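Heads up, the thing below is written out as structure tokens.
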Amino acid sequence: MSYKSKEQTTMRYKSKESKPKKDIYTEQIYPESYQNRLLYTYDTCNSKPFSISRSSSPIHFHLNFEASPAMAMSMAMKRSASTATRAISSAFSGSILTRDLHASSGKKKIVGVFYKAHEYAKMNPNFVGCVENALGIRNWLESQGHEYIVTDDKEGPDCELEKHIPDAHVIITTPFHPGYITAERIKKAKNLQLLLTAGIGSDHVDLKAAVDARLTVAEVTGSNVVSVAEDELMRILILVRNFLPGYHQVISGDWNVAGIAYRAYDLEGKTVGTVGCGRIGKLLLQRLKPFGCNLLYHDRLKMEPELENQIGASFEEDLDKMLPKCDIVVINTPLTEKTKGMFDKERIAKMKKGVLIVNNARGAIMDTQAVADGCSSGHIGGYSGDVWYPQPAPKDHPWRYMPNQAMTPHISGTTIDAQLRYAAGVKDMLENYFKGEDFPAQNYIVKEGELASQYR
């Protein structure tokens, strides 16, 4: 990929009337939103990096970054723009009484909790999801008189986050370095109105407490679903092909083909089941289709027949009947009270011996020790994911040391492309918040005391 330092690239989603007909897969997974069109402009000549701005209709985000010969990113950015605000239809149905969340005007205190990038913060001008670059919105917020506090210090009674909770109006955090917003913290937060997730997945918030306090909780729906689905496919292939032992042989100076090949397989012909089939699950199944797998899915909602036929997946109403059929199980369900710890020793025992498991959903969906024991006994042939509980994972977490694992820190949804999308989405919602306007309906997790259906 070549880096064009003086090129300005635009991408536009046109209205339905003027664009060619989309296939049923695109129509059902990505209904049009944001006034039916989106235009992203990457201005590589602008002298102010990390500036994200939005114009009036059609929504127009400017993601401005300094040209750097070392960065070969522009083509990737152009491609990623096309997925920026594809959205799922609203999780809320019916009408709700509107509460004026933004009744008070004037200066607001916004607190952001992100991971630190240290020396890496300067290596890529689009690395906006870290403490140092603060979603690229600091200048915009401070120019309007708002206070913007950003930290990675989020644990314990004396942490930086705790100090700012009592007078914060808005807290922004991410699934990758979650600031846990507990019921106790919500009680302390007398000014708190809005909790934003830079990404998707808001289980780091005590949602019942947020409902009771009539807080608004929202996330950037769709911002990193492609990123996570691609990562899941990569992990499936890493496990199926027994990749990691070969990698470790190379870096240790060894060469033992048999030590890899004895448990390396083709993906073709294997049965893959996804537990949960929302946005990410559907994208994963679509990507698996060319591999010639037998595709199964379990979800509270069945796909429309046309979409199901196009993807080539079969619905399994009974999870415990689906699991024994699967060579590979992928977890794609949100973490709720119902799904917490749902994969315990008994449920894992129902799976095939040697099953491969990929979990990029949430670590707490799994019984930590049951997974470690399953990997040690060989009942689980391989386990890979990027989600842990808690996060960051302590040094003595058993998943760090269990055999046949391909674990990483929580990275799947924070690619550079995803960061640009969720940074733009956060800025858009903050702008609406300051104006007293609603967010896109699909972004709400808690609104007016009502919880989105996927978390009920």
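For all residues, glycine too, the Cβ spot is worked out from N, Cα and C.
Heads up, TrEMBL stuff is auto-annotated, nobody curated it.
Taken straight from TrEMBL:
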{"type": "BINDING", "residues": "Ile200, Asn224", "note": "substrate binding site"}
{"type": "BINDING", "residues": "Arg279, Ile280, Asp299, Pro334, Leu335, Thr336, Glu337, Lys338, Asn360, Asp386, His410, Ile411, Ser412, Gly413", "note": "NAD(+) binding site"}
{"type": "DOMAIN", "residues": "141-438", "note": "domain 'D-isomer specific 2-hydroxyacid dehydrogenase catalytic'"}
{"type": "DOMAIN", "residues": "234-412", "note": "domain 'D-isomer specific 2-hydroxyacid dehydrogenase NAD-binding'"}
{"type": "SITE", "residues": "Arg362", "note": "site 'Important for catalytic activity'"}
{"type": "SITE", "residues": "His410", "note": "site 'Important for catalytic activity'"}
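Largest Cα-to-Cα span within the NAD(+)-binding set Arg279, Ile280, Asp299, Pro334, Leu335, Thr336, Glu337, Lys338, Asn360, Asp386, His410, Ile411, Ser412, Gly413: 25 Å. Around the Cβ of Arg362 (site 'Important for catalytic activity'), the same chain contributes Gly201, Asp203, Pro334, Leu335, Thr339, Val387, Tyr389, each under 8 angstroms and 6 or more positions distant in sequence.
Compared over the binding-site residues Ile200, Leu335, the count of CB atoms lying within 10 A of a residue's CB peaks at Ile200. The separation of Asn360 (NAD(+) binding site) from Asn224 (substrate binding site), Cα to Cα, is 12 Å. Mean pLDDT of the predicted structure over the domain 'D-isomer specific 2-hydroxyacid dehydrogenase NAD-binding' (234-412): 97.
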